[in-house]
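> Take a look at this one; I'll ask things after.
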Amino acid sequence: MAGRPADYQNEIYLQGLGGQVPPFTTNPNELEESARGRLGPGPFWYVAGGAGAGATMRANREAFDRWRIVPRMLRDATIRHLGTTVLGTEMPAPVLLAPIGVQSIVHPDGELATARAAAELDVPMVLSTASSYSIEEVAEASGDGARWFQLYWPNDDEVCMSILDRARKSGFRVLVVTLDTWTLAWRPHDLDQAYVPFIRGVGTAIPFSDPVFRAGLERSPEEDLTSAVLRWVPMFTGTDKSWERLPFLREHWDGPIVLKGILHVDDARKAADAGVDGIVVSNHGGRQVDGAVGALDVLPEIAAAVGDRIEVLFDSGVRTGADVIKALALGARAVLLGRPYAYGLAHGGEPGVRHVVRGLLADLDLTLGLAGFRGVAELTPDALRRF
Ligand SMILES: Cc1cc2nc3c(=O)[nH]c(=O)nc-3n(C[C@H](O)[C@H](O)[C@H](O)COP(=O)(O)O)c2cc1C
């Protein structure tokens with residue numbers, strides 16, 4: 001990314017002199033509504049909706065609201081250092097793009113647009129197993145960009161090994177294994193519309209382009225979509241997994257491994273004891289267990305328990321620069337941005353993702369400086385007060 005993240009602010013104001021305004025809102029509270037105007041109800045609610053009554057989504061935001069930044073003055077924070085390295089991946093700010101599946105439902109370019117925007121900004125992208133484009137296609141769009149691969153751990157070991165092999169060959173460096181979605185939760189917004197992309201063959205590009213998966217089919221997905229879907233859907237979320245199975249992944253993945261969806265401190269300890277390299281403290285954006293704890297509420301205890309042994313990443317509810325600051329101050333090494341960039345994608349594809357991510361990074365850069373910090377490394381719980 002050329003220049004400093006905060007430069008986006010000047011760029012916007014300068015363009016205003018020529019009568020130009022940003023392509024869509026910079027206001028985090030209006031972004032979702034703006035995307036709603038661009039999407040049909042099926043895709044919109046697939047992104048915006050959560051499990052059950054939405055209690056966990058609300059808990060995620062309430063957890064952020066309980067913490068407030070206490071700004072410090074006269075600390076010469078003119079130049080800020082946002083850059084960091086996580087598990088060997090350098091990044092200009094402690095922000096990655098979370099794995100979001102089926103992105104073609106919000107824009108036809110889907111993951112390709114996200115990969116291009118991420119690569120241009122040097123922000124690492126985590127590609128979902130439920131991608132609308134193949135691993136190889138996304139890698140090509142990503143070019144020199146940093147990329148991690150998120151695994152929904154298939155029950156079929158041969159298919160799993162083949163997918164991991166493709167990811168590694170395509171330059172994905174870190175494996176993120178999502179544990180909280182071994183079956184889909186009760187999601188009323190999707191149920192009321194009888195809408196789920198996978199059974200329509202959307203978000204299945206990775207298995208459908210996989211030679212081992214295809215070899216197990218009597219007819220190809222192009223000839224018989226329904227049979228291919230019926231074979232993939234029960235296989236891909238990994239229903240038969242336990243802690244004892246983790247060595248299998250270590251055997252078949254030679255890079256760092258991160259477990260996503262950890263909320264209990266004992267599970268965080270188990271992850272560290274099992275020898276994984278990191279965890280993502282996450283409740284999947286409130287899409288899985290309705291009534292679950294806000295992810296930020298459990299971050300401090302988890303970071304305190306395992307932060308010195310493994311990398312603790314965080315997602316679920318990050319919307320602003322201030323949110324990134326709070327998560328880092330409470331022990332996260334980096335955060336994953338979720339829904340906001342999907343809403344950006346809905347606004348014209350690649351430029352939309354770029355606008356949202358640049359906006360978040362500018363907000364982070366400015367808020368950090370105004371709060372008196374010269375770098376993300378300076379953030380500790382002392383930066384915050386709980387109310
Ligand atoms: C539409 C959508 C699809 C998602 N797909 C995946 C996925 O394929 N794999 C995964 O690990 N997480 C997936 N997630 C969860 C995100 O990685 C992340 O945990 C979540 O979006 C964080 O919550 P937030 O967006 O409210 O901040 C998805 C989230 C959304 C909104």
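Every residue, even glycine, has its Cβ placed from backbone N, Cα and C.
According to TrEMBL:
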- His284: active site, proton acceptor (ACT_SITE)
- Tyr46, Tyr152, Arg187, Lys260, His284, Arg287: glyoxylate binding site (BINDING)
- Pro99, Ile100, Gly101, Ser128, Gln150, Thr178, Ser282, Asp315, Ser316, Gly317, Val318, Arg319, Gly338, Arg339: FMN binding site (BINDING)
- 20-387: domain 'FMN hydroxy acid dehydrogenase' (DOMAIN)
> Taking every residue in the domain 'FMN hydroxy acid dehydrogenase' (20-387), what is their average pLDDT?
97
> Provide the number of Cβ atoms within 10 Å of the Cβ of Arg187 (glyoxylate binding site), excluding the reference atom itself.
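Looking across every protein chain shown, the total is 20.
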> Roughly how many angstrom lie between the C-alpha atoms of Gly338 (FMN binding site) and Arg287 (glyoxylate binding site)?
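Answer for this pair: 12 Å between alpha carbons.
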> Going along the chain, which residues six or more apart from Gly101 (FMN binding site) have their CB under 8 A from its CB?
Ser128, Thr129, Ala130, Ser131, Ser132, Pro197, Gly203
> Please list the binding-site residues from Arg187, Ser316, Val318 whose Cβ falls under 6 Å of any atom in ligand 1.
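Going through Arg187, Ser316, Val318 in sequence order, those close to ligand 1 turn out to be Ser316, Val318.
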> The record names Tyr46, Tyr152, Arg187, Lys260, His284, Arg287 as the residues that bind glyoxylate; what is their largest Cα to Cα distance in Å?
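Looking at Tyr46, Tyr152, Arg187, Lys260, His284, Arg287 as a set, their Cα atoms extend up to 20 Å apart.
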> To which of the binding-site residues Gln150, Ser316 does the lowest count of other Cβ atoms within 10 Å belong?
Gln150
> 10 Å Cβ neighbour count around Pro99 (FMN binding site)?
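A 10 Å sphere around the Cβ of Pro99 (FMN binding site) contains 25 other Cβ atoms.
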> Please name which of the binding-site residues listed here, Gln150, Tyr152, Arg187, Lys260, Ser316, is nearest in space to the residue listed as 'active site, proton acceptor', Cα against Cα.
Ser316
> Spatial neighbours of Lys260 (glyoxylate binding site) among the binding-site residues Gln150, Ser282, Ser316, Val318, defined as Cα within 10 A: which are they?
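Checking Cα-Cα distances against Lys260 (glyoxylate binding site), the binding-site residues within 10 Å turn out to be Gln150, Ser282.
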> Long-range same-chain neighbours of Arg287 (glyoxylate binding site), Cβ under 8 Å, sequence gap at least 6?
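Set apart from Arg287 (glyoxylate binding site) by at least 6 residues yet with Cβ under 8 Å, we have Gly49, Gly50, Ala51, Thr181, Ala185, Arg187.
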